[in-house]
Amino acid sequence: MHLGLLALALVFFSSMGHADNLKASKARRQRRISTEVPPSCSNGCEHCSEYNGCLKCRPRLFILLERNDIRQIGICLAACPVGYYGIRNRDMNKCTQCKIENCEACFSRNFCTKCKEGLYSHRGRCFSSCPEGFTVNGTMECVVQCDLSEWSPWGPCMKKNKTCGFKKGNQTRTREPLQVPSPATSTGAAPASGCVPEIQTQRCTVQKKIPCKGENKKNQQNRGENSKNRGRDSKERGGNKKRKNTNRSTTVPTITTSMVT
């Protein structure tokens, strides 16, 4: 009797194992069929599968692989999201995650463009404070520390590099660096962009129009020629009047012919 019960138990467990194997093989077969027959791809995708999403994006788009448990699902984007940078290849454009320490956004594998909150950006890296010889600006970037002089007086009012012959122009003033940065702070890949002269420009109005030097002689010559022309015109008008009066005083003799009978 015990042997019969044992045999029945073995048959039962073997049938259960066979059923589980059938279910697993059926699931694998359905998964293989779903990958072989491509479903309708999302926007911007050329080749895709139901299990892994997009496999190849259209040209000019980037593929981003998002992890979902043990799977990686591909999606197509026009630009990589924050924390990733784009790599363009002939076969496919990919979004690669930034791996620079304390970096939120990067331009390439070795250059960070935005650090985490409270940190300062310097030459593509993130620091808790700016290096010696540098100071922070309004965008949390370390720039060359540079002291500038006071503003110079406003320059003359000019237009097209001239100080005459106009009514309105521009004038400028500058302030220069008080000292040149040391080589230790100005050498390297990044230029000393913070230590440069500053220039301000404003509109100006000339109270009295100043003629240029050449314009005075030209104006005098023009006035002389105009006076000569006026004198010549007056003489010509006087001669014409005399000739008209002479013509009026001269009488032409008339000849009268009569008949004698």
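Each residue, glycine too, has its Cβ placed from N, Cα and C.
A disulfide bond in Swiss-Prot ties CYS112 to one cysteine from CYS98, CYS103, and that cysteine is CYS103. If you go by Swiss-Prot, CYS57 shares a disulfide bond with CYS76, out of CYS76, CYS80, CYS95.
Checking the candidates CYS115, CYS130 against Swiss-Prot, the cysteine paired with CYS126 through a disulfide bond is CYS115. For CYS115 (disulfide bond), the spatially nearest entry among the disulfide-bonded residues CYS80, CYS146, CYS195 is CYS80, judged by CA separation. Within the group of disulfide-bonded residues (CYS103, CYS106), the Cβ with the highest number of other Cβ atoms inside 10 Å belongs to CYS106. Taking the Cβ of CYS195 (disulfide bond) as centre and 10 Å as the limit, one finds 19 other Cβ atoms among all the protein chains shown.
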